[in-house]
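A quick write-up on the structure given underneath.
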Amino acid sequence: MQASASSNSPPNDTGPIVRRMVITQQIYTMFGIPPLVYLMILISGLDGAQAIDVSKVLLPVMVPVMGFAVPYFVIYLSVRTALKVVPGEPPGARLARILKVPGVIDATTLVTTMLSSGLFVGLSVLRHGKSLWTIPWAMGTIWLLVALLTLQERVWFEKILQPYALAEFYKNPGRMPQGHGFLWPRQSWYLPYAFAIFVACTLASIGTIIGRQAYDAHEMLMSRLDKVSPAEVAPLVRQVIQVLLDGSVLPMVLVGAYLLISSALAAWFLARRQTEGTRSVQLTLEGLVQGRPRLPEWVSTDEVGDLSATTARVFAQLKSFANSLQSSAQALRDSAEQLGQSTGRQTEVLTQQASALQETQVTAQEIKHTSVLASQKAEAILKQTERADQISAVGDTALKEGLEGMQEIGSQVREMATSIRSLDERARQIAHITTLVKGLADRSNMLALNAAIEAVRSGEAGKGFGVVAREIRTLADQSIKATRDITEILQDISNAILSTMTMMDQGSDRVEVSLRQIRDFSTQVQQLSGIVRENASSVRQITVAVSQQDVGIAQIFEAVNDLSKGMDQTMNQLRASDDVLARVRSVAEQVSSIVAGYGLQEQEGPRS
């Protein structure tokens, strides 16, 4: 059996995850500090000596505090708050906190970096008497560069948090939280945002380099124009232009390469992230089609996350339907077993009744034989009075036994009628269960139709999901057909039960007639015995009585034969009921095998 999601849940210890996220953040910080410091110094208008002076004073303080201490505190607090278990909170609240952690860290990083750049440039210009208008220029440019880096950081943070988010998502896959804003990125605006960041960052960086160099060249040109003759103006302009080119080309190449690498990595990470999400959903749909379903190993705030959540909800609905269908099939199978046991008991009762009928026939045959002997030896009755009395006593005893046997047959026939009515009631229960199964199949068909509509809305990514929806509708149609077959079978059983009940009523009436005949015959035998004892010489009267006795025996034989035929018909009906029960069991097994074939009883948790 597949493992449950809780068995693969990651631990709630925040230490390892905080360390991984801090290391990731520090790598990007070290990667981003050189171009950031260069641009801040460039924007501030510091020369080489001034840049070294400012770097020696400010960087040893700002880098440990703003580059490590503050990010560490933010990451630790965000992760601890997100993973904290709050008793009584609504489903999905903890998952929403986990999904917002990368956005919280990115937003804090952007604010911290912007403030740090403003502080660095502000202290620099104040220390060396530069223009204060460079402070907002530096803050805006640095914010764009850091925003470009956070595109990559966010992907890595989401990957680190993915096992924790999946474990929380699997607890309640049908309740994916909803959100909006910067902390809840969507592909519809996040991809344009990333492209806009790249374009704005490129324009700002290149514009900063060219603008700063052009401004410095202009200042140098204006400061020298008053000191040169008109003939030296042209060489001076060429010199300034050359200085501008020499000071701009290399920084633009280096910064451009840095931006290109950062943008390429960000684009690759985002594309790979989207590919992993769609691949996870694809594997889930393929597994569902192949009968090996599992929840998608992906949870995010974007459209791919919505597709994953929708797939999980469909999975949950299918699992609920399969469990209901399995329960109905089990109930149908149990009812069939109970009907089979009831049929077996009825068969046993009918067998006993057949044995009693056979004994009655034997007894009647003995009575007939005795009557024949009595007719042949009528003249010897006077000489054999005692013998005739003994024979009469034997006949009376046999009649009593026959009467008791017929009474027992009547009782057994009534019990069999009660069992047949119980069989009819159980058949009605099975029909009710079949109606429930059909209702579930119709509901599954409607759910599959809704899922197909969602697949069409999802576009290209939902084609595989559409195939699953069609498969589900096919399964629902098969279930509906199976319920119709079961309904027809139950109708056959009901008709057979009605026929059997009619025959049992007829048989009961015939038993009552036979009982009356046997009682009458017993009275006649007793009268005959009295006549033999009282008037042994009335041979003619004995002969008449024997003739009447022969007629009564013939009637008994006829009644017993009719009852035997009814018993045979009842046995045939029971055999037909056995065939119907076998078909019911077969249908129940087919439903169970369909459910088991799709493996919807349990689902596997996330791979670590």
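Here the Cβ of each residue, glycine as well, is placed from N, Cα and C on the backbone.
What TrEMBL records for this protein:
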- 27-46: transmembrane segment (TRANSMEM)
- 58-83: transmembrane segment (TRANSMEM)
- 104-126: transmembrane segment (TRANSMEM)
- 132-151: transmembrane segment (TRANSMEM)
- 190-215: transmembrane segment (TRANSMEM)
- 249-271: transmembrane segment (TRANSMEM)
- 321-564: domain 'Methyl-accepting transducer' (DOMAIN)
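Same-chain residues lying 6+ beyond the ends of the transmembrane segment (249-271) with a Cβ under 8 Å from its Cβ atoms: 35, 38-39, 42, 148-149, 151-152, 155-156, 191, 194, 198, 201-202, 205-206, 209-210. Between the transmembrane segment (27-46) and the stretches 104-126, 132-151, 190-215, it is 132-151 that has the most C-beta pairs under 8 angstroms.
Listed as Cβ neighbours of the transmembrane segment (132-151) (distance under 8 Å, sequence separation of 6 or more from its ends, same chain) are residues 28, 31-32, 35-36, 39-40, 43-45, 106, 109-110, 113-114, 117-118, 120-122, 125, 194, 197-198, 200-201, 204-205, 208, 259, 262-263, 266, 269-270.
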